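Look at TrEMBL and you will find B:15-42, B:88-110, B:122-142, B:163-181, B:201-220, B:257-277, B:283-307, B:327-349 tagged as transmembrane segment.
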């Protein structure tokens, strides 16, 4: 009973907030609705027993990706009237995309109603007692090790690429060298002198 | 407690579970709120003694009721929403901060088998919830529609995101050593570390540097001095709280302190043995684990206020330098070190 209630609660909020993401007039509100949708999708994943993926969804999408979105939208002051102006131009493309997505959903539903996927009959069913972090880890670091490391390499290259693209050498800036500042002692910087009257000191 | 409701009142399991969970949540949330009130008082007293002042001493005996008087005052004030503010988000932001500070308590183990939700992904849940904390601040800064809160929100968000990376790596080295994401298992793994009768990962020379990094990062994560740049009064008035008044302001105040207690609890749980007694001596286990946890939380809280009373504020670029150039490489290197050590000692190197 509680599962069913929780499912309908999460599912309704996901759908409503996804719809509001598209229709919201204020871009910041749109991002916030998107975050709510992510968050409730994580709730749905917890319900099906994929708690690891759910937590990763919250940490990665809600905690990092959406924060970046929010930053960009807040700082860029996007003019929505101007964006709307292109509506007619892109309407055809949008319609094609929408039809494609709808067809995919229909195919998925058709496959699902043709017969349930029997999880127990997979080649290597996950034992009930193994938490799904361990199950994923075992597969990821044994069978799919090279694919996994390949994915890591792609991300590394992407990161270095982003740094190279945005890096600029600033020559004029004077950087603080904390080690040198800490190593500086009074006797290096000051000196006691006994200048004669009218003699002054040599610098 | 579920069984209590089932047998005592003859409720079906679902309802009994629901009621029991509700009771448990209240059992955790209400004492946390009370603790926040008392710790604000303690904080002020500690700073006062360090500055050779008396601190709050007028309301109630020894000033003990000061926080409640402040709470009442704030409650009776008018909530002012600036005309240019985004009204809904302006009011939701403090609620988010406060809620996020409370939800993490669900996984903190108060004793063996005494956590509200003893889940497998406990530590990931902590990370997920603490990554939500940024939203309360960003939204406050943006919704206030005012310059200082916005600057402060950007600072705070950048700071929290930066230190979360280091915290994540520190947690990974702990997880590897304990072999689990479950907080109770992590605490149990700290029993008599390295064959000594001391409970707590801090004794482990491989994990001690991570305990230090985690402590400093938790200061930064809770926006406490010396990392309280988001509320640097000499540059940003009161930071993201500038436009807030009355209960909304009080919610920030409560949320901030609830976060501080939470970080103290996490420090205690992850590195200093949590609910275990400090020494692995049978007679010490007679004291309930929750008391040991409270003592550790209070000790950490004292260190938090000690730092706040004595350490001058960082400059913003120094703060970012510490996070990205020192803590991140250090903790990343430590993940390699710990995993390498564990490969050698526990798993064995395949020839």
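A Cβ is built for glycine as well, from the same backbone N, Cα and C atoms used for every other residue.
With respect to Cβ pairs under 8 Å, the transmembrane segment (B:88-110) is most closely packed against B:257-277, considering the stretches B:163-181, B:201-220, B:257-277, B:283-307. When the stretches B:122-142, B:163-181, B:201-220, B:327-349 are ranked by Cβ pairs under 8 Å to the transmembrane segment (B:283-307), first place goes to B:201-220.
Stretch with the most C-beta contacts under 8 angstroms to the transmembrane segment (B:327-349), considering only B:122-142, B:163-181, B:201-220: B:163-181.
Within the chain carrying the transmembrane segment (B:201-220), a Cβ under 8 angstroms from the stretch's Cβ atoms is held by residues 159-160, 162-163, 166-167, 170, 173-174, 177, 190, 193-194, 226-227, 263, 266-267, 270-273, 300, 303-304, 307, 319, 322-323, 327, 330-331, 334, 337-338, 341, all 6 or more beyond its ends.
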